[in-house]
Amino acid sequence: MRLILLGAPGAGKGTQAKFICEKFGIPQISTGDMLRAAVKAGTPLGIEAKKVMDAGGLVSDDIIIGLVKDRLQQPDCKNGYLFDGFPRTIPQAEAMKDAAVAIDYVLEIDVPFDAIIERMSGRRVHVASGRTYHVKYNPPKTEGVDDESGEPLIQRDDDKEDTVRKRLDVYENQTRPLVDYYSQWAANGNSAAKVAPPKYRKISGVGNVDEITARVFGALQD
């Protein structure tokens with residue numbers, strides 16, 4: 001099982017990625033983890049990436065694709081892999097195709113932006129314990145206060161509505177085009193490509209976790 005998981009921030013990709021990886025015995029691969037590991041190990045690509053990052057630059061797609069190809073050679077990828085947060089752009093997707101990185105499925109978890117804003121901006125956290133609440137779906141017994149300690153809850157900066165809207169704007173402009181890219185490739189094929197087109201599946205990410213997980217596994221069966 002080799003797949004790419006697509007969806008907006010707050011769509012629940014992280015939760016479903018964990019279930020998919022457990023079911024199929026595959027690793028979850030993120031570019032951030034790969035970069036950190038390569039820099040720590042001092043590999044040639046890691047050294048190159050560190051120079052760019054230390055200078056405050058963005059690591060090039062060529063380096064990222066090189067890291068991906070190295071990562072896929074590792075033994076834990078023999079049964080497949082799940083890409084999390086990669087590719088983010090059409091050029092990265094094209095580079096993956098040119099590098100003959102095989103993908104069986106592209107799975108999009110679709111959640112309306114209004115639902116994501118409500119889901120994320122309603123989160124409240126007890127910092128010391130990490131306990132999380134939601135003002136609508138999982139409220140504390142007393143508004144704004146942790147159930148166990150009686151200490152105040154906070155809204156993380158990442159969960160503030162303005163921040164959520166900005167992240168969704170970035171997704172809409174940068175990553176949403178991948179949805180069209182992969183759905184068109186899956187529908188039309190491309191005889192010039194070095195790899196077969198993936199199957200493209202779209203599921204609703206609205207509902208409880210069990211319902212969404214059932215949709216995910218159903219989509220990955222055909």
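Quick reminder: no glycine exception, Cβ is built from N, Cα and C everywhere.
Arg123 (ATP binding site) falls within a strand segment according to DSSP. Summarising the annotation, Swiss-Prot assigns ATP binding site to Gly10, Ala11, Gly12, Lys13, Gly14, Thr15, Arg123, Thr132, Tyr133, Gly207.
DSSP classifies Arg88 (AMP binding site) as coil under the three-state reduction. The feature AMP binding site is assigned by Swiss-Prot to Thr31, Arg36, Gly57, Leu58, Val59, Gly85, Phe86, Pro87, Arg88, Gln92, Arg156, Arg167, with sequence analysis given as support.
What Swiss-Prot records for 30-59 is region 'NMP'. Here the region 'NMP' (30-59) has long-range neighbours at 66-68, 70-71, 83-86, meaning same-chain residues at least 6 beyond its ends whose C-beta is under 8 angstroms from one of its own.
Per Swiss-Prot, region 'LID' is recorded for 122-159.
Here Swiss-Prot flags 138-160 as region 'Disordered'.
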Counts by DSSP class (helix H/G/I, strand E/B, coil) across the region 'Disordered' (138-160): 3 helix, 4 strand, 16 coil
Nearest-integer angstrom distance between the alpha carbons (Cα) of Thr31 (AMP binding site) and Arg123 (ATP binding site): 27
Helix, strand or coil at Gly10 (ATP binding site) [DSSP, three-state]: coil
All-chain count of other Cβ atoms within 10 Å of Tyr133 (ATP binding site): 21
Pairwise Cα distance for Gly12 (ATP binding site)/Gly57 (AMP binding site) [Å, integer]: 30
